[in-house]
C-alpha cells in the first residue's frame, strides 16, 4: 500500500512541476540563436532572465518543435563546424560547450565538447536537435552522407553495372540495344550423302628393262598413298572434288602423251621392223650368193633371231568419288 502511495505522489509531483513549467514558459519567451542548424543541432535560450534549468531546457526545446540534444549529437555537429561560446544543457544532464578553436573566454581554452557538471537547478541555455534534418547545414541544400555499409555496397554495385552497360554500348552500334544477349546456335548435324565412285585405269606397256622395273617399284610405293587421298574425299566440298577430277584428267593426258612419245617401245612396231629387216637381208644374200647355194641354204636354214621377251604391262588405277 505504501508503494502505491509513493508512486502516486511521484506522478502528482511530476504533473504539478510540468504544469508549473508550462505556466512559467511561453513560446514568445524562447529564442533560437542563429537561423541555421548544423547536423540538426542549434542553441536555444530565453529572452529574459533568468535562463533555463534542466527541466525548463527540455520544455523549451519542445516548444520550438525540437528535442533536447545529446552529447554525441553535439559532437557530430562540432565536426561540421558547429561552435559556440555558451554552456547549454544536453540530454546527459550536464552542460557542454562545443569548441573548435581554443579560446580562454570560452570553456577555459578547451577544444572539443567541453563538459561542465553542475546541479540540475543551475541556469543555462539548451542545445536542441531536429531529427528530421537531412542536410549538414539547414540553410544550404547539402545532403548528409553516412557511412552505411549497405549503402556503399549498393553504390558499388550500381557503378559496376553502369560501367558494364557503357562498355557494351560502345561496342554496339548506335541503333542497337543497351544489353547484349549472346545465343549459341546448336551445331549443324553433319549429313552424309552417298557418292558414286569412279575407277579410272591407265594401261602402260614397257619393255623389261631395269629402268622400267625401277619406275614400277616407285609406282607401287606411291599407289597406297594416292588411294588414301582418294578415299579421303568423302567429306570435302564440291570445289575440291572438281579439282581432284581435273588432276586425274591431267594425269590421264600426261599418260597418253607419254605413250605417244615413246611409241617405238610398243611390241607390235618392233615386230614389223624386225620382219622388214629380215626380208631385206634375205634378198641381199640371194643376190650376192647365187653361186653358192649351199651357203644360201645354210643361211636360210638358220633360225631367225629370237625376239625379245614380251613386254610387261602395268595397270594404274585411280579411284575417285563423284
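Backbone N, Cα and C atoms are what each Cβ position is placed from, and that goes for glycine too.
Residues 53, 130 are shown; Swiss-Prot lists N-linked glycosylation site for one of them, 53. Of the listed segments 218-238, 239-259, 260-280, 281-301, Swiss-Prot assigns transmembrane segment to 239-259.
For residue 106 (disulfide bond), the same-chain residues 6+ apart in sequence whose C-beta sits under 8 angstroms from its C-beta are 84, 85, 97, 99. Counting other Cβ atoms within 10 Å of each Cβ, the lowest count among the disulfide-bonded residues 61, 85, 128 belongs to 85. Taking Cβ-Cβ distances under 8 Å and a sequence separation of 6 or more, the neighbours of residue 53 (N-linked glycosylation site) in its chain are 120, 121, 122, 123.
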